[in-house]
Every structure is written in C-alpha cells, then in structure tokens.
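J.: Input: one structure, supplied below.
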Amino acid sequence: DCPSDWSPYGQYCYKFFQQKMNWADAERFCSEQAKGGHLVSFQSDGETDFVVNLVTEKIQSSDLYAWIGLRVQNKEKQCSSKWSDGSSVSYENVVGRTVKKCFALEKEQEFFVWINIYCGQQNPFVCKSPPP
C-alpha cells in the first residue's frame, strides 16, 4: 500500500510536488522521500496518462513544466537517454534532441508532451517509488 498522500498505479506510488527545484535536486529529493524513489519514469501509455492526470489536477496554472526522470547522458562519444531510476527508455514520447539535457512534461493546452529543457530550471516534479 502507498502512503496516504501518494497515489497508486500498477506496482508503484506517485506524488506531485509543488515546490520548485532543478532536475538534480528534484531527483535527490525523490530519493529521500522513499526507499527506491526517483523522478517519475514511464513504461507505458497508461502510466503516462495516470501521471499526466495527477499533474493536471495539482499543478498551478502559471507552471508550464514538471520534471520527469529522463536525462540525456553523455558517455564518451555516445549519447544515451536513461531514466533516473536506471531503467532504459523502451517507451518514448519525444521529439527532437538539443543541448538541453533534462526532460519535463510541458503543458500544451490540456495535453502534456515531453520536452527537453535546461537542467538548472526550477520546476515542480513527480516522484515515483515502490510501496514501502
């Protein structure tokens, strides 16, 4: 069972945090909230829809982005994208690549797309963890 202020979906618990942090601080914060916690990763359309609904309910109208756990990592000359929880990107909803290395959900009317933006930006975020 998830803690009372977290929302269950599948085998994980999710929580939207309103406070704004950069990507690295948000990832660290998630890992401190729960054992095995990370910024949210998505493994299916259903999981993405669930999180988008959670964010849509809670996010302030002035906020345009919410961090997710996807970051482009440079390994020697190869560029790979991995979720912050270590899972590989088997499921993508991404358009284009630039020097902006960290991904967030972007509010486009009611639909959230994944967009890569500068990692130092301060944004709210979603944590995902296994149940305690």
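Yeah, the Cβs are placed from backbone N, Cα and C, and that goes for glycine too.
Since this is a predicted model, take the numbers as computed values, not measurements.
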J.: When you check Swiss-Prot, which of CYS102, CYS127 turns out to share a disulphide bond with CYS119?
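T.: Candidates were CYS102, CYS127; Swiss-Prot matches CYS119 with CYS102.
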J.: Tell me, in order along the sequence, which disulfide-bonded residues from CYS30, CYS102, CYS119, CYS127 have their CA within 10 Å of CYS13 (disulfide bond).
T.: CYS127
J.: Under DSSP, is CYS30 (disulfide bond) part of a helix or a strand, or is it coil?
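T.: CYS30 (disulfide bond) sits in a helix per DSSP.
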J.: What are the DSSP helix, strand and coil residue counts for the domain 'C-type lectin' (9-128)?
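T.: Helix (H, G, I), strand (E, B), coil: 25 helix, 52 strand, 43 coil.
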J.: Specify the count of other C-beta atoms within 10 Å of the C-beta of CYS119 (disulfide bond).
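T.: A count of 19.
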J.: Compute the C-alpha separation of CYS2 (disulfide bond) from CYS127 (disulfide bond), stating it in Å without decimals.
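T.: The separation of the Cα atoms works out to 13 Å.
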